[in-house]
Structure formats: C-alpha cells, structure tokens
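Notes follow once the structure below has been shown.
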Amino acid sequence: MHLETALVHTRDELGAARGAMGGSVAAVMTMGALHDGHRALLRAARERADHVITTVFVNPLQFGPNEDFDRYPRTLDADLAICAEAGVDLVFAPDRAEMYPSGEPMVRVNPGPLGERLEGASRPGFFHGVLTVVLKLLQVTRPDLAFFGEKDYQQLTLVRRMVRDLDVPVEIVGVPTVREPDGLALSSRNRYLAPAERQAALTLSAALRAGVEAAAQGRDAEAAARASFDSGTAGGAGLAKLDYLVLTDPDLGPAPARGPGRLLVAAWVGSTRLIDNAAVEVAPAT
Ligand code: PAF
C-alpha cells in the first residue's frame, strides 16, 4: 500500500508538486466515483511511469442542462483510498473556480465533425466540454503519458485526434474496458441502476457479443446486435431504449467490409444513459 498520496486543490500546489517530480509522469483524468475500471487505468499508468497524477473533477462543461451534473456521485474520500492503494503520487481535485477562474471559458476546443456524431448527436456540446477540460488538465499536469478507458471510445478517439492535431506533447494510452462477470461494463453511472434496470443494462453487452460473433462469421454485425438488443433476451425487456448501435472502423469512420472495426452502442435504461463498445473483426461476407 502506497500511503504517500498527496492531495492538492490548487494549480499552485499542483505546479509545485509536479515541478518536484523527476522521471516520467502519467496522468489519469477522472470525475471521481472511482471503480475497478479506474483501478485498471491507475495500474496501467503505474506500470509505465515513475509518477502518477490523478485528477478528480466533475466538469460542468460536459453536462447538458437536463443531465446528471448535480446527482453525479462525489466520493473524494473513497477515491483517495483507491488512489493510495494504486500507488498514485498526487491527486489534483480542484473546485470549479480553480478550473474556470474567469467563469465558463469563452474559447473551447472544437471536436470537429466527429464530435457531432454518436454521443455528440445526443449530447450537444459534450465533446467541446470534454476536450476543453482534457486540454486544460494536460496543460497543468504536463504528463508524458495520459491514460483513458476504451469504455468511452469516442472520447479516447477524439483525445488522440486533439493531441495529434494540436501538437500536444503527450502519449495517449487506451486501456481496455473492465466488465462485471456477467458482461456489464463498469461505469460510475451503474450505481444509479435499480435491480431490474441493472438486469436490463446487460442488453448492451449482450448485443455487442452478438455483433462480434456475427462479424467473425461474415454476417451483418449491426443487424445481429440490433436483433439481440430488440429481443431483450439478456433480461429486463422493455426497460432499455436504444439510442444508437453502429459498426465503424477503429477510428469511427465508415464500417469496414472486412478487417478490424468497432461496434458501439448507447441506450437509456430508465433515466440512466449507458454506453458500451467492442472491437470486432469483420470476416468477408459468406
Ligand atoms: O472520462 C471522464 O471521466 C471525463 O470525461 C474526463 C476525461 C475526466 C474529462 O472530464
């Protein structure tokens, strides 16, 4: 157990602690409510770098007016314990005024056309908010590496793209999604789910599995995934409402006729919006 995780709330404190770090530095950005998915990010960061900085900030910029900003879980004490256990050197947990001292930023990162599709279509302005805070956190933590979960695949893709397009000197590392034994992808929002909704949420991962299997057999992955979702055989039929289910290439471009692709799904389960995705290998059509 690493007991020397320091907690800082201001940029000045962060700057001083960062300045004292020799060797390589990895950043893991979070909104708190840490779970095993974050533990995997922290572990991966710990393995690659001499120092790990975790940021904990529920970013108001990436929540729409009717979204869950107010009810988003805030669990800093538990988060700190997880960070200490994972060997994190420094936790930066700023408040809103520390991150946005002049109020809402006038200038924001424009995610381009990819930011308007999929999550961006359902959550206007979401990726402007995400990329703006990610860029700010990269500026203040100055990491050599930054780790993001594949669970938020469009976010990971856009962060990679931002770093490339804007010449941000950091290596972005993607970390595979962590799942419950029954397939549910870990998410801080899973704690909103009532038992019947928790069951219905399995519809997403079940649909992805059906799609992955179909693709490998040269069948239509999207159609198979949709049929699985609609059948509700995973449980909780009728409780999960599909937003999108789409096959793309690994960069979220058009679906490949063969080779590697990505299957992405988003659905409402009760009042909770869940997303998931999986790598697929598209075999030639049979
Ligand atoms: O993935 C998240 O938790 C957030 O979108 C991030 C990257 C911490 C930015 O607020």
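For all residues, glycine too, the Cβ spot is worked out from N, Cα and C.
The model shown is predicted, which means the values in this text are computed figures rather than measured ones.
What TrEMBL says about this one:
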type	residues	note
BINDING	31-38, 149-152, Val178, 186-189	ATP binding site
ACT_SITE	His38	active site, proton donor
BINDING	Gln62	beta-alanine binding site
BINDING	Gln62, Gln155	(R)-pantoate binding site
Compare the C-alpha of Val178 (ATP binding site) with the C-alpha of each of the recorded positions His38, Gln62, Gln155, and give the closest one.
His38
Tell me which of the binding-site residues Gln62, Ser188 sits in the most Cβ-dense spot, judged by other Cβ atoms within 10 Å.
Gln62
Looking at the binding-site residues Met31, Leu34, Val178, which sits with the largest number of other Cβ atoms within 10 Å of its Cβ?
Leu34
Where the criterion is a Cβ under 6 Å from an atom of ligand 1, which of the binding-site residues Met31, Gly37, Ser188 meet it?
Met31
Please report the Cα separation of Gly37 (ATP binding site) and Gln155 ((R)-pantoate binding site) in Å, rounded to an integer.
15
Cα-Cα separation of Glu150 (ATP binding site) and the residue listed as 'active site, proton donor', in Å?
11
To the nearest whole angstrom, state the Cα distance for the pair Leu34 (ATP binding site) and Gln62 (beta-alanine binding site).
18
Using DSSP reduced to three states, classify Ser188 (ATP binding site) as helix, strand or coil.
helix
Which one of these recorded positions has the most other Cβ atoms within 10 Å of its own Cβ: Gly37, His38?
His38
Fill in the CA-CA distance, the residue listed as 'beta-alanine binding site' to Ser188 (ATP binding site), as an integer in Å.
15
Round to a whole number and give the Cα-to-Cα distance in Å for the pair Ser188 (ATP binding site) and the residue listed as 'active site, proton donor'.
10
Three-state secondary structure, the residue listed as 'beta-alanine binding site' (per DSSP):
helix
State the count of C-beta atoms found within 10 angstroms of the C-beta of Gln155 ((R)-pantoate binding site), not counting that atom itself.
21
